[in-house]
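S.K.: My structure is below; once you've seen it, I'll send some questions.
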Amino acid sequence: MTIAIGKTQEKRGLFDVVDDWLRRDRFVFVGWSGLLLFPTAYLALGGWFTGTTFVTSWYTHGLATSYLEGCNFLTAAVSTPANSMGHSLLFLWGPEAQGDFTRWCQLGGLWTFVALHGSFALIGFMLRQFEIARSVKIRPYNAIAFSAPISVFVSVFLIYPLGQSGWFFAPSFGVAAIFRFILFFQGFHNWTLNPFHMMGVAGVLGAALLCAIHGATVENTLFEDGDGANTFRAFNPTQAEETYSMVTANRFWSQIFGVAFSNKRWLHFFMLFVPVTGLWMSAIGVVGLALNLRAYDFVSQEIRAAEDPEFETFYTKNILLNEGIRAWMAAQDQPHEKLVFPEEVLPRGNAL
């Protein structure tokens with residue numbers, strides 16, 4: 001009789017089986033992060049398409065905001081709940097809608113649905129980048145970079161209205177609706193004169209400049225890209241080896257500016273640092289606005305302009321413009337308040 005001696009196969013638990021299935025190499029990687037990403041992204045996008053197609057904002061804003069009512073892609077939106085709803089999460093089964101889907105849509109329940117599921121979807125996408133980076137053994141800088149737009153989304157759509165009286169003051173999900181919100185930010189918070197906004201603009205525009213310069217420099221310093229006279233005809237996307245000269249690029253920018261990046265790591269870290277830091281600063285600024293912190297105030301100029309009708313600066317002109325925005329938006333944007341302003345409080349002066 002023959003006796004085989006060997007290790008018995010260990011019994012695999014449910015976690016190991018699920019882990020193998022989730023992290024299997026397939027066309028679309030799922031992963032553990034996919035359990036959060038895919039359902040929430042699907043529901044957020046589905047809620048947005050449903051709202052912009054069918055749901056009116058007549059009951060919350062007195063507006064038409066759906067394709068069904070004649071709006072187009074630029075003017076359709078999923079609008080914020082009514083101001084009377086405060087910070088209620090507006091669950092379909094909650095005391096406001098009481099399980100009535102039509103009533104839930106009328107109250108603005110789709111906005112909280114899209115905002116919360118969208119936030120978790122963005123977080124799931126960042127976790128997906130962490131998970132895949134760990135699987136292929138690279139650094140997680142993509143995920144860290146993606147935290148910047150997440151911080152902006154969360155600060156604008158969630159933290160800002162939490163600091164105000166209700167979800168009503170958050171942006172609605174639509175193109176024209178976002179533009180209205182920008183006007184609101186300027187009129188009520190003087191956002192363009194906020195140093196955190198300035199850092200955000202510098203980050204975004206600086207990143208665009210760096211991206212354009214970097215792409216042009218790489219194209220300019222190609223030394224091996226095929227036999228054709230035209231770069232685009234000669235470029236071979238399957239070519240494995242590097243085809244541009246960092247030394248030549250360094251020499252070029254040293255002649256242009258007198259300084260240049262000495263290595264690729266510092267160059268690309270700088271391209272990462274500029275936009276990400278700018279967006280983080282913008283998010284911090286919006287958190288400040290949630291607490292109604294003010295931007296720069298040049299009170300001495302305002303006092304002098306009030307005393308001397310001939311004295312005016314671009315700052316005092318902008319202050320008058322902000323007063324005009326507030327006077328218009330308070331009545332137009334919050335009709336439920338039934339605000340009526342006497343002529344004495346409306347802005348006047350040669351700025352308008």
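Cβ atoms here come from the backbone N, Cα and C positions, even for glycine.
Taken from Swiss-Prot, the feature N-acetylthreonine applies to THR2, supported by similarity to another entry. Sequence annotations record features per position, and here Swiss-Prot assigns phosphothreonine to THR2. Annotation comment: Swiss-Prot describes 40-60, 124-140, 152-165, 207-227, 278-294 as transmembrane segment, evidence class sequence analysis. The annotation chlorophyll a ChlzD2 binding site is assigned in Swiss-Prot to HIS117 on the grounds of sequence analysis. The pheophytin a binding site annotation in Swiss-Prot covers GLN129, ASN142 and is backed by sequence analysis. Here Swiss-Prot flags HIS197 as chlorophyll a PD2 binding site, drawing on sequence analysis. What Swiss-Prot records for HIS214, PHE261 is plastoquinone binding site, and it gives sequence analysis as the kind of evidence. The feature Fe cation binding site is assigned by Swiss-Prot to HIS214, HIS268, with sequence analysis given as support.
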S.K.: Given the residue listed as 'chlorophyll a ChlzD2 binding site' and PHE261 (plastoquinone binding site), what distance in Å do their CA atoms have, once rounded to a whole number?
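M.R.: Per the Cα atoms, the residue listed as 'chlorophyll a ChlzD2 binding site' and PHE261 (plastoquinone binding site) stand 42 Å apart.
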S.K.: Report, in whole Å, the straight Cα-to-Cα distance of HIS214 (plastoquinone binding site) from HIS268 (Fe cation binding site).
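M.R.: Spelling it out, the Cα of HIS268 (Fe cation binding site) and the Cα of HIS214 (plastoquinone binding site) are 9 Å apart.
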S.K.: Between the binding-site residues GLN129, ASN142, HIS197, which lies closest to PHE261 (plastoquinone binding site), Cα to Cα?
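M.R.: Smallest Cα separation from PHE261 (plastoquinone binding site) among GLN129, ASN142, HIS197: ASN142.
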S.K.: Going by DSSP, is PHE261 (plastoquinone binding site) part of a helix, a strand, or coil?
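M.R.: Coil, per DSSP.
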S.K.: Find, among the binding-site residues listed as GLN129, ASN142, the one whose Cβ has the highest number of other Cβ atoms within 10 Å in the structure shown.
M.R.: GLN129
S.K.: Determine the minimum-neighbour residue: among HIS117, HIS197, HIS268, listed as binding-site residues, which Cβ has the fewest other Cβ atoms within 10 angstroms?
M.R.: HIS268
S.K.: Give me the CA-CA distance between HIS214 (plastoquinone binding site) and ASN142 (pheophytin a binding site), in Å, as a whole number.
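M.R.: The Cα atom of HIS214 (plastoquinone binding site) is 18 Å away from the Cα atom of ASN142 (pheophytin a binding site).
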S.K.: To the nearest Å, how far is the Cα of the residue listed as 'chlorophyll a PD2 binding site' from the Cα of GLN129 (pheophytin a binding site)?
M.R.: 28
